[in-house]
Each structure stands twice: as C-alpha cells, then as structure tokens.
Amino acid sequence: MSPQTETKASVGFKAGVKDYKLTYYTPDYETKDTDILAAFRVTPQPGVPPEEAGAAVAAESSTGTWTTVWTDGLTSLDRYKGRCYHTETVVGEENQYIAYVAYPLDLFEEGSVTNMFTSIVGNVFGFKALRALRLEDLRIPTSYSKTFQGPPHGIQVERDKLNKYGRPLLGCTIKPKLGLSAKNYGRAVYECLRGGLDFTKDDENVNSQPFMRWRDRFLFCAEAIYKAQAETGEIKGHYLNATAGTCEEMIKRAVFARELGVPIVMHDYLTGGFTANTSLAHYCRDNGLLLHIHRAMHAVIDRQKNHGMHFRVLAKALRMSGGDHIHAGTVVGKLEGEREMTLGFVDLLRDDFIEKDRSRGIFFTQDWVSMPGVIPVASGGIHVWHMPALTEIFGDDSVLQFGGGTLGHPWGNAPGAVANRVALEACVQARNEGRDLAREGNEIIREASKWSPELASACEVWKEIKF
C-alpha cells in the first residue's frame, strides 16, 4: 500500500494571493438576526474599488489573512467569515464609502467587549489598501447583548436609591482638578452638596497622587457627604474615582468606598480598559454601588471624521460593559447636525428600542431588550443661562454637571450650587406648566433670579459668556 501523500485538506488547494472580494464580498447575503452588523466609513487607496476595500475589512476583521492558507480547508469558512454585503457612496464626500459587514455570532466570546473590539477593529485600521477607516455604528443582536450584565443598576434603580424623581440631577466637578489637599477637597465637596447639588465629582485624572492619596480623599469626601445629607435631608453622592494602575488596586478602592457607605464610584473606562470596567461593573452590582463613567481619551478615537470610531459605538460598548452614567457632551451651542447626532447616541444609551435613523447617525435598529439604561451626563463649559436648553434637550433622565459654572460663582461654592438648583427647579416647573423652554428660557431664568440673590449674581457674571 503506497503511503498517503495528499491530505483531504489540501485537495484543490492553490497557494498564492487572491482578491478579497472573491470570498468576502457577498452582495446577495441576507443578514441574520444573530449577526453583528457593522457600518464602516471606508476611504480606499487610489485604484482600489470600494467592493474590494469593504471585502478586505470583512476579511481582516474575521477569518482572512493576506494569502491563501491550506488550513482554510480544516474549517468551514462560509460559517465563520465576515461578509461585506453592501457598499454605498457617502454623499458630499470624495472617495468615501459606507461598507456594511456582517459577522457570525460564533466569532465572539460571550460577555466580552474586549474580544468584540479586538476582532472588529483590532487589526484592520492599519491596512495598506485603505487610506482611512472609521467604524460608524454596530448592530448588537439580542442573542449577544443578553450575554452581558450591562449597567450595574440602571436609571430607575438609581432614582429609587436616590429618591429623586421628575427632574435632571445636578453635579459639579471639583476644581482645581489637581493640587488640593484631601481636606480642602472635602470642604469643596461639602459646600457644593450643601448648596443643593446631588453629586460632586473627581476629575478624570484624580487618582492617588502625592498631594492627595486616594484613601484620604475618600475619607474626607465621605464626611462631606454625610454632613450635607444631615443638613439637607437629601441623599448625596460624590463620584469617587477608583481608576488605578491595576484591576486589583481598582477593586480595593471600590471595596473601601462600599465600606464607607457612599452611593457611587467612578471609572475612566477607555484609559482603564474594557476588561477592568466590566470587572468593576460586576462588583458594583453585587455590592449596591452606582458607577459613573468618564470617557477620558475618547477624542483620540472619535474626533477624526474619516478615521477611528464614532462615539456612538463607544457608547454602545459602555452600555454592554457596564456603567450607570457616562459623559455625552453638552449639545448647547453646537450646530443642529451635531445636536441630532448627539441625541442619537443619547437615545442609544437610555432607551430599550431605537429605530434606524440615518439623520441622527443611527445606521441600524437596536433592540436592547431588558438591559438597563445609562444616564447621559452633560458637562463642559455650561452655566445657569444654559439650564433651559439643557433641560429641554436632555430631559429628566440626565445629569447636568456645572464645574466652573458652580465653583466660579463670585460668592463661593455653596451660592454657586444654590444658583444652579434654583435655575433647574424654575425650568422644571415652567416646563411642567407647559411653557416653551427654548423660546422663553431667558425670561424664566430672569423671573427666578428675582427670588434668588445667588442666581441673580450668577446671571450677571455669565451673561456675556457664549459658546
């Protein structure tokens, strides 16, 4: 009997390089309910057709490599490969296309945002056939989203914990963000909470530096919270930043926060990483802590319009990984188009079911089923004159965060907090009475300032400030 010289896998195998579109461009493919769908903005190199560029993205982010390999015969590529099933031209842009790619669910580990991103965007962005590449949106199928815990608690549970309903929540980032001692930091926290804010916040880069170690900060902030709660009769919180150099240290800080009895901790989810974030979210659910998420580093990824990843993808990923709040920009003063895009991903954070709407940047219908929602946080350069617009745009399920708009009050931190609380209560009351906040906003603030010297002073200071 002659020895076997040819394996079954090698039958029909032909070495060499072949066009990606022969295997990975499948315009007749009908997407499945279980597929993860991606919309990529593709800018091909000169001479590369959009179908080949889209197929290259599908290949390199799933089963493909640069050459044909004989081990392809050991598996079913048709079952596991990503498929570029449609391309379309981006209106008004030269040589830009949207390539739609479908990925079989079996390519992804359950409950791992880390693995999902490693597959879809991990290796393909440096591809030579592409001049630029941007991931615009993802459709997460129910069969995959159900493998994630999602936010530790969600919007309704947070309201029940805080016993606060029918209005946006108010926050303030303590400034200067770096340099204060723990005791002075705690003093600022107390003054803001005592004045009427619901939350104060560590800034994203407040971790455990020589001038203020984390344990000292946690202790003085907890003292401030309890003192303010006793004086106001309201539940208060401070976002204690648990972000650290290792997951073990991060969890240690969260454990200490829980032992102090505070309601909420914080994490920088992009610099900390999705694995760390998901670990912290699981700990927070198990131990009754709310989790505030800061998006530090997001602009490195999402600022370029033709390369990187849109923030709506990072927002969806955060909802899966876990967080009860996330920063979402302010909208105020931006162009109308930017407003619609921002409200698009705000809905993706809060709502259970979001219809496809290209005018708002939503490429796919998204059904989150029962996954809890995330509260968007409006923060950055806002003050009392913006309160009517913010209340109208973001609605009740939001946190409006005034850093300089609180601490910059000429009379001090507590009067700054009073001014913001009075402005918010006036806007909510006016809205509930049927008044138009967009049209009558300035008048509503002026009327309220007659009864609040703190608000009147704030109105005077910031009357000339515009975006």
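Yeah, the Cβs are placed from backbone N, Cα and C, and that goes for glycine too.
Look at Swiss-Prot and you will find Lys175, His294 tagged as active site, proton acceptor. Taken from Swiss-Prot, the feature substrate binding site applies to Asn123, Thr173, Lys177, Arg295, His327, Ser379. Per Swiss-Prot, Mg(2+) binding site is recorded for Lys201, Asp203, Glu204. Look at Swiss-Prot and you will find Pro3 tagged as N-acetylproline. For Lys14, the entry in Swiss-Prot reads N6,N6,N6-trimethyllysine, with the evidence type sequence analysis. The N6-carboxylysine feature in Swiss-Prot is assigned to Lys201; the stated evidence is sequence analysis. According to Swiss-Prot, the feature site 'Transition state stabilizer' maps to Lys334, an assignment based on sequence analysis.
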Quiz prompt | For Glu204 (Mg(2+) binding site), the number of other Cβ atoms found within 10 Å of its own Cβ | solution = 20
Exercise. Just report the maximum Cα pair distance in Å for the recorded substrate binders Asn123, Thr173, Lys177, Arg295, His327, Ser379, no decimals.
Key: 37
Quiz item: When the Cα of His294 (active site, proton acceptor) is compared with the Cα of each of the binding-site residues Thr173, Lys177, Lys201, Asp203, Glu204, which one is closest?
Solution: Glu204
Quiz item: So which of the binding-site residues is most packed in, judged by how many other Cβ atoms lie within 10 Å of its Cβ, out of Lys177, Lys201?
Solution: Lys201
Practice problem: Tell me the Cβ contacts of Thr173 (substrate binding site) under 8 Å, same chain only and six or more apart in sequence, or just say none. | Solution: Thr200, Lys201, Asp202, Asp203, Ser379, Gln401, Gly403
Quiz item: Glu204 (Mg(2+) binding site): which of the recorded positions Asn123, Lys175, Lys177, Arg295, His327 have a C-alpha within 10 angstroms of it?
Solution: Lys177, Arg295
Practice problem: Report, in whole Å, the straight Cα-to-Cα distance of Lys175 (active site, proton acceptor) from Asn123 (substrate binding site). | Solution: 39
Quiz prompt | Entry from the recorded positions list Lys175, His294, Arg295, His327 having the most other CB atoms no farther than 10 A | solution = His294
Quiz item: If you count Cβ atoms within 10 Å of the Cβ of Ser379 (substrate binding site), leaving out that atom itself, what do you get?
Solution: 21
Exercise. Express the distance between the Cα positions of Arg295 (substrate binding site) and Lys175 (active site, proton acceptor) as a whole number of Å.
Key: 18
